[in-house]
Amino acid sequence: MADASTENNTSNGNSNTSTTNEQDLKLVLRTYRPTDRDHVDFLFYSTYFVLVPEGVKHKLRSPVAWAAWIAMEAYLMGIVPVLVSDMNVPDWTGTALRVFLTLAWIVVGFAALFVLTDRFETVNRIESARQNDLVDPEVSYLNYVKYERVVEEDQEEEDQDAKEPSDEDASKKKKKKRVTFDKDAKPATEMVREKVPNPSPSHLWVLEANGQPCGMVALACWRENQPDNRKQGRTFAVAHAPHTATLQRLAVKYEYQNCGLSNILISRALSWANEHDIHTVSAVTNECQSAAAHVLEHKHGFRRAKKVRTGWLGQYDIHWECDIKQWAETHDDGTGNQTKKE
């Protein structure tokens with residue numbers, strides 16, 4: 001599928017539309033809505049689990065993994081003579097047992113790496129996002145604050161009295177009192193949703209294909225440290241320095257990958273950063289996200305800042321940085337319009 005180009009440059013996060021000639025695919029890039037909550041959640045974790053084989057491949061290339069496997073293999077081969085020495089078995093039994101143990105250890109070792117990558121590392125990374133910034137993307141990225149407010153009973157009664165016909169009888173003008181015998185009854189509450197007075201440049205976009213969400217990307221600009229909801233006292237994300245932000249939560253539905261949609265998402269986020277006076281955008285990729293790292297480096301000019309080892313089996317995080325002013329000089333915002341104003 002040819003890369004799509006959208007029609008309108010939406011600095012306020014409104015929708016962009018494009019149509020491809022080959023498959024008549026209508027793409028809409030827009031700001032996250034509350035109704036996208038379940039779609040975004042599924043999109044994030046489903047695309048992350050697809051990366052598990054890549055993580056297993058990196059572990060298979062790890063010297064530590066091979067050293068552990070060879071050490072265990074040597075131990076298994078060493079106990080074979082002990083097992084068959086006191087047994088009245090044919091001479092070929094020892095060789096057959098060695099072959100069986102070798103094949104079994106290959107299967108067990110590979111399964112152990114797969115379980116470690118899938119059930120522990122990947123689940124931990126997914127839940128870290130789902131239980132923090134993706135719990136409520138409106139609060140995290142769209143600068144909303146939400147809280148519950150107790151509904152005033154007097155106000156509710158006044159609203160009901162206003163609907164009743166007027167009566168000259170003074171007794172009917174008295175406020176009604178509610179009588180309940182439920183000791184566990186709780187006061188009625190309502191959810192209040194308000195914009196913060198001094199919003200940050202954080203934002204979250206959703207990409208639709210023919211009306212169905214197929215991609216997402218977020219630009220985080222934290223003004224204070226974000227506590228980790230999974231463990232009290234731990235920090236999930238540190239506050240950003242002035243004029244900096246982080247590109248994160250990039251995800252494209254599996255059937256739409258390798259179609260250039262990630263470029264549209266990244267370009268929109270970087271264009272937004274340029275419009276909101278952000279000078280440097282950072283990003284972090286791990287050993288499972290080599291494709292995303294390639295796009296960041298070769299398509300958008302991100303430079304590697306540092307590489308941090310996070311485990312003994314080939315796990316690592318690469319920290320990237322992008323100079324937005326330089327990016328704006330040579331790239332467009334993914335909608336066909338140059339981000340640099342002439």
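Glycine residues also receive a Cβ, built from the backbone N, Cα and C atoms like all the rest.
Where the annotation comes from TrEMBL, it is an automatic prediction and has not been curated.
Marked as region 'Disordered' by TrEMBL: 1-20 (among others).
Feature annotation from TrEMBL assigns transmembrane segment to 64-84 (among others).
Residues or ranges marked as transmembrane segment by TrEMBL: 96-116 (among others). With a threshold of 8 Å between CB atoms, the same-chain residues lying at least 6 positions outside the transmembrane segment (96-116) that come near it are 52, 56, 59-60, 65, 69, 72-73, 76-77, 80, 83-84, 313.
Residues or ranges marked as domain 'N-acetyltransferase' by TrEMBL: 145-325. For the domain 'N-acetyltransferase' (145-325), the mean pLDDT of the prediction comes to 86.
For 153-197 (among others), the entry in TrEMBL reads region 'Disordered'.
Taken from TrEMBL, the feature compositional bias 'Basic and acidic residues' covers 162-171 (among others).
Among the features that TrEMBL reports, compositional bias 'Basic and acidic residues' is placed at 179-196 (among others).
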